[in-house]
Amino acid sequence: GEVSCRGHLSSASDSQAALPSNVDKHNTAAADISFIVCAMCNNAEVFYDDDAAQWSSLGDPTEVALTIAAQKAGLRKADVATAALKSGATSSSQAAGNVPFRLLVENAFDSDRKRMSVVFEAAVDGTPQGKRCLVTLVKGAPEEILSVCTQQVANASGFMRHGSTTDGGSALRPAREIAADTVACLKNGAVPLTSSLTRIAGETCEKMAGRGLRVLGMAAKLSYVDVGQTISDEELGMTWAESELAFAGLVGLIDPPRSGIVESVRRCHNAGIKVVMITGDHIGTATAIAESIGIIREDRPATQRAISGAELDLLSDEATALLNPFPSVFARVSPENKVKIVRALQRGGHIVCMGGDGVNDSVSVKEADIGVAMGLGGTDITKQAADMVLMDDNFTTIVAAVEEGRRIFDNILKFIMYLLSCNSAEIILFLYAAVLNLDLPFTTIMILWANIIADIPPALSLGMDPPERNIMDRPPRNPKRGVLTRSTTLVLVIQAFFMATVTFAVFLAAVLTPFGRIALQSYDKAEPDTYVASIFHQGDPETNADENMSPHIAGARSIAFGVLTALQLNQAFLSRSVETSVFKTGLFANRWMVGCVLLSFGLYVLGVYVPGLNDWLELAPLGWQSWLVIFGTVLLQVVFSELMKLVLRSISRRRAMRQEGQEQQFYDRD
């Protein structure tokens with residue numbers, strides 16, 4: 001039967017809760033023993049929090065699910081055993097002296113045995129005189145449980161419930177009667193476990209695992225020891241407790257994937273990040289879950305997609321690293337296997353991010369390039385070994401962190417490329433003037449204004465740029481490469497030469513033609529056109545060129561400075577992506593940039609037209625002809641940038657086609 005762990009749990013004071021109808025339909029002795037193992041071979045607690053007015057739990061999620069399943073079957077550990085009570089808590093049955101089981105020893109689960117066992121002393125009638133009745137309960141991996149079983153609980157009628165309740169269910173019997181019948185069932189109701197029954201149990205386990213269920217085997221045994229015999233923990237240890245058991249049944253649990261996990265795995269695949277599932281679950285369970293969330297893709301044969309810890313033990317470290325394609329699922333793994341997997345991926349040159357929560361995960365988390373611990377369910381030692389702690393224990397958060405990391409790196413690159421291209425343009429502009437032995441296009445105060453007022457605000461806004469649309473659709477960056485590559489350096493140099501060349505061409509045109517005067521607000525047609533002579537240095541080199549210049553050279557500088565300012569501000573929008581068109585990145589996607597560009601441009605306009613300020617900046621007020629030139633150069637810059645990005649996209653596509661085979665191997669092995 002299926003028992004949902006969702007919904008309302010019975011009240012802690014209501015020990016006669018009705019069973020779900022599907023549990024009643026499977027009311028057998030084997031099912032009852034399995035529920036007893038679920039409840040008592042368990043350290044989880046489920047309780048009602050009066051302050052929060054809701055049910056809460058403590059412990060491992062798997063054990064919490066088993067506790068809820070047992071409680072929905074009407075059985076609570078506190079009703080039958082002393083070990084389940086919280087500090088200071090009591091139950092009515094304990095107060096009456098009716099708690100029949102007392103915990104003697106617990107053998108905790110470990111990844112080698114893949115089992116947990118507990119030994120209780122049962123206070124029941126019918127115990128032979130001079131003897132103590134011990135009941136051992138064991139749960140764990142089905143194959144490991146079956147390997148230590150010699151008997152099977154007979155398929156007899158259940159014993160936990162009798163009669164009926166008003167809603168059609170049946171009522172739970174008193175705890176001492178349940179304990180007595182448990183002992184009787186294990187004493188008289190066990191039959192030899194044949195190879196045929198073992199095969200059927202194994203096939204059933206495979207079918208359950210194929211549905212994505214996490215399958216646990218349940219077993220128990222009955223023993224008698226002398227009353228006067230002193231029993232140590234060693235005598236009740238793993239070897240004695242976990243041998244000659246009676247197999248009770250299989251319990252399947254399903255943990256539905258969190259919302260968003262399928263999309264997160266898909267985004268990882270698109271980003272060139274291979275997601276590998278490493279689990280202690282059955283390989284069938286792990287494979288089914290991996291297929292359901294997209295870790296395993298349908299175009300891969302199962303033998304190439306999943307591997308068990310036992311198979312991994314047969315491979316050397318070198319052979320593991322050479323697995324091609326690298327498996328997407330590792331099941332029934334040990335802590336040593338996890339370290340081996342991490343090292344194999346690192347040996348292949350990959351950056352490994354390993355997540356874990358338990359103590360057994362701490363070594364592999366420490367070994368990985370990026371260790372991730374769970375903040376809610378993780379152990380302290382794993383958190384200390386990790387580089388990052390997830391406060392919500394959600395895989396989707398890791399994917400979001402990858403996206404944010406890529407965004408930050410992209411914005412750093414944009415910031416650097418923008419500033420270097422703008423500053424390089426100014427340097428190239430002065431080199432042009434020096435090579436041609438011309439007057440400098442700008443004064444010192446103009447350069448300071450360009451670097452501080454025009455460049456810095458837009459550059460800072462690039463740090464606030466949202467992620468590009470394809471940020472999670474491109475393969476990881478080689479960590480050995482610097483921020484600037486040959487291609488990005490070439491791009492910024494071309495951008496710098498374009499801005500410098502256009503600005504210098506406008507400056508020359510304004511100086512060598514009447515345009516330098518006509519495009520000013522103060523244009524006087526009566527003034528003679530003496531615009532050529534003074535641009536070239538003549539006479540004494542110590543003579544201040546500004547004193548010998550024609551009046552309209554100041555106008556030429558004003559127009560050229562307006563062009564450079566506009567080009568640099570427009571370059572901020574063009575720098576939002578190296579390859580993507582500005583019409584796709586959008587002009588208003590980064591509101592910080594819009595504000596900073598408007599601020600810088602507004603300050604430039606004030607510097608041009610405000611009396612006193614324009615004298616300090618040595619700028620002349622511009623006429624409408626100048627603004628036509630300025631906006632024309634901006635349009636030219638957009639066209640040039642789009643053509644360059646078109647070429648870059650074409651190169652990227654050809655490169656991707658050449659590396660398609662290598663990338664496929666990367667996706668398989670990364």
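Heads up, the Cβ atoms here are built off N, Cα and C, so glycines get one too.
Computed from a predicted structure; not experimentally measured.
Per TrEMBL, the features are as follows:
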- 440-647: domain 'Cation-transporting P-type ATPase C-terminal' (DOMAIN)
- 415-436: transmembrane segment (TRANSMEM)
- 483-512: transmembrane segment (TRANSMEM)
- 549-567: transmembrane segment (TRANSMEM)
- 588-607: transmembrane segment (TRANSMEM)
- 627-648: transmembrane segment (TRANSMEM)
Near the transmembrane segment (483-512), which residues from the same chain, at least 6 beyond its ends, have a CB less than 8 A from one of its CBs?
409, 412-413, 416-417, 420-422, 424-426, 428-429, 432-433, 441, 519, 531-532, 535, 552-553, 555-557, 559-560, 563-564, 567-568, 571, 574, 578, 629, 633, 636-637, 640-641, 644, 648
Cβ under 8 Å to the transmembrane segment (415-436), counting only same-chain residues 6 or more beyond its ends: which ones?
442, 447, 450-451, 454-455, 458-459, 462-463, 483-484, 488, 491-493, 495-497, 499-501, 503-504, 564, 567-568, 571-572, 575, 578
Could you pull the average pLDDT for the domain 'Cation-transporting P-type ATPase C-terminal' (440-647)?
82
